[in-house]
Amino acid sequence: MKSIYVQVLIAIVLGVLVGAIWPQIGVALKPLGDGFIKLIKLVIAPVIFCTVAGGIARMGDMKAFGRVGVKALIYFEVVSTLALVIGLVVGRLIQPGAGFNIDPATLDASIAAGYVEKAQHGEGMVAYLLHLIPDTFIGAFADGNLLQVLVIAILTGFACVRMGDFGEKVAHVLDETSKLFFGIIHIVVRLAPIGAFGAMGFTIGKYGVEALVQLGALVATFYVTSLLFVLVVLGGIAWVSGFSIFRFLAYIREELLIVLGTSSSESVLPQMMEKLENAGARRSVVGLVIPTGYSFNLDGTNIYMTLATLFLAQATNTPLSLGQELALLGVAMLTSKGASGVTGAGFITLAATLAVVPDIPIAALAILVGVDRFMSECRALTNLVGNGVATLVVARWEGALDRQRLDRVLRGAPATE
């Protein structure tokens, strides 16, 4: 994997150069990035199913599994809310949108219309919960709906526990099948440099560096805030839990580079599951926390939502009282739960938030369209680190973390002596 790390880094640099020098060629490279992500997504659902179902069957204690789920949701809610608050506070202090003086009437609302339409197709809480239940067993896999696959996996695991010896045989088959899919992943990951090259070439070629210059204050504020969140907040949580955030970042550096190139944290989901298990976290915990975190624990997306909303209010001279900002925080706590780890999901979630908060003109989204792709990379990186830390923390709370193995792995030593 060390060679992959270097190759992806070189590919990202080459993608930036091609996109900047030959924009049309850069845009034409988009299928390379899309193809790589599709290959990864091809095996995500079966990997989650086999890992979670097999893990529950091996655990044998349904109460323990429920306990892990409750602890994970508590962690997600606390840290996600903290990320939203930090974005709100930074937006108030730095005021990256001050001085733009943009008249919403002069904006082309049609530019963001597609995102708004997707956001307005959101569902109520009851419909959302019902949507977690797939129409058919195969349908969840065909649609790639990770939460539906997770529901099926949990039911399958519980069924195995109740079936005694036969259930153990099924669990063994699931474990062996997961090895097959991880083998496929190891083959696909070799294509990561090509995918990163194509995706980065498209990003620079399509949107150019001009967008970064025009909205540099917002982009810089978001990147610095996210970096501080990772180092201070997640770093503090990691320290309390007995490991170094810096060593953890070094451990997942290959995955971070792939995410940087593809702007999608979902593109490394299977690899992260494998690495966290290798670091000493119990398989059943990894299988539950990581997939669930991709909908309920997107720290980077949460920071972006409140920070970007305040930026738009400031840029369009829309005053917001403290009460309105607190209302915005409450709405964001709900809409952020519908996000996912795919490229562009954060922008759609932002559109959903603005659709519910009438104070800020929704046409203001057009301001961010050109620069959102660059911010998507930072969102994805922060989301990835956040879910990785969450998994290790929940595993430690549950007594499902091999501390000695984790220390060895983060030091760069073999997992077993």
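Glycine is no exception: its Cβ is also placed from the backbone N, Cα and C atoms.
Listed in Swiss-Prot for this protein:
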- 8-28: transmembrane segment (TRANSMEM)
- 36-56: transmembrane segment (TRANSMEM)
- 70-90: transmembrane segment (TRANSMEM)
- 137-157: transmembrane segment (TRANSMEM)
- 180-200: transmembrane segment (TRANSMEM)
- 226-246: transmembrane segment (TRANSMEM)
- 285-305: transmembrane segment (TRANSMEM)
- 351-371: transmembrane segment (TRANSMEM)
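When the stretches 8-28, 36-56, 180-200, 226-246 are ranked by Cβ pairs under 8 Å to the transmembrane segment (285-305), first place goes to 36-56. Counted over residue pairs separated by six or more positions, the transmembrane segment (137-157) shares fewer than 3 Cβ pairs under 8 angstroms with the transmembrane segment (226-246), which leaves the two as not touching. Residues of the same chain lying 6 or more positions beyond the ends of the transmembrane segment (180-200) and with a Cβ under 8 Å from any Cβ of it are 1, 4, 7-8, 10-12, 14-16, 18-19, 29-37, 39-40, 42-43, 46-47, 50, 254, 257-258, 260-263, 267, 270-271, 274. For the transmembrane segment (36-56), same-chain residues at least 6 beyond its ends with a Cβ under 8 Å from one of its own Cβ atoms are 62, 65, 140-141, 144, 146, 149-150, 152-154, 156-158, 160-161, 171, 174-175, 177-178, 181-182, 184-185, 188, 191-192, 194-196, 198-199, 262, 264, 266-270, 273, 282-288, 291, 343.
Using a Cβ-Cβ cut-off under 8 Å and counting only residues 6 or more beyond its ends in the same chain, the transmembrane segment (226-246) has close neighbours at 79, 82-83, 86, 299-300, 303, 378-379, 381-382, 385-386, 389, 392-393, 396, 403, 406-407, 410.
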